[in-house]
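Remarks on the structure that follows.
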Amino acid sequence: ETPKVGKRAGQPVENHPLAWDLQQRLVKCVATNSRSKEMAQCAFRTFVRAYSTHPRELKPVFHPKRLHLGHLAQSFNLRDTPTMMGQSASKAEKVRRQKDAQVAAKNNEKKRSGSRTLHTGASKLKLIPTVKKRRI
C-alpha cells in the first residue's frame, strides 16, 4: 500500500517531490565526489556481475538482458551507466590481468636473483648482492 504523506496522500513515494529532491541531491553529491563516484561505479559493476551469475533455474526471473541498466545506475546515484560492461569489459579485464601477472612475474624474478636494481633517471645501476654475515 502507498504511504500517506501530507497533501500528496495516495501518490507513490517515488513521485513525491521530497523523494525526488533527495535523489537529485545524492546524484549531485556522487557526481562531484570522485571517490564516491568510483565506489558507486564499482558497486554497480559488482551488482551486475552477481546478477548475471544466478542459477539457470532462476534466469526467467533474473535475466540479465532484461535488467534496465539506466534505472539500476540511478539506484546507485549515478547519472550515466558506467562503461566497461559486457564482452568488451571481460576482454579488457583479461588484458589487465595478463599485464598484472607479467609484472608480478618480473618482480618475483628480480627477488629470486638476489640482486637489487637502483633506478637513477634513465640509467640502471646493478648493485652487488648483499650477503648476511653469520656468527660462528
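Positions of Cβ are set from backbone N, Cα and C atoms, glycine also.
Predicted, not measured: the structure shown is a model, and the values here were computed from it.
Marked as compositional bias 'Polar residues' by TrEMBL: 78-90. Annotated compositional bias 'Basic and acidic residues' per TrEMBL: 91-100, in sequence order. Per TrEMBL, domain 'ATP-dependent rRNA helicase SPB4-like C-terminal extension' is recorded for 21-86. Marked as region 'Disordered' by TrEMBL: 78-123.
The DSSP breakdown of the domain 'ATP-dependent rRNA helicase SPB4-like C-terminal extension' (21-86), given as helix, strand and coil counts, is 44 helix, 0 strand, 22 coil.
Across the compositional bias 'Basic and acidic residues' (91-100), DSSP helix (H, G, I), strand (E, B) and coil residues number 10 helix, 0 strand, 0 coil.
Across the domain 'ATP-dependent rRNA helicase SPB4-like C-terminal extension' (21-86), mean pLDDT in this model comes to 88.
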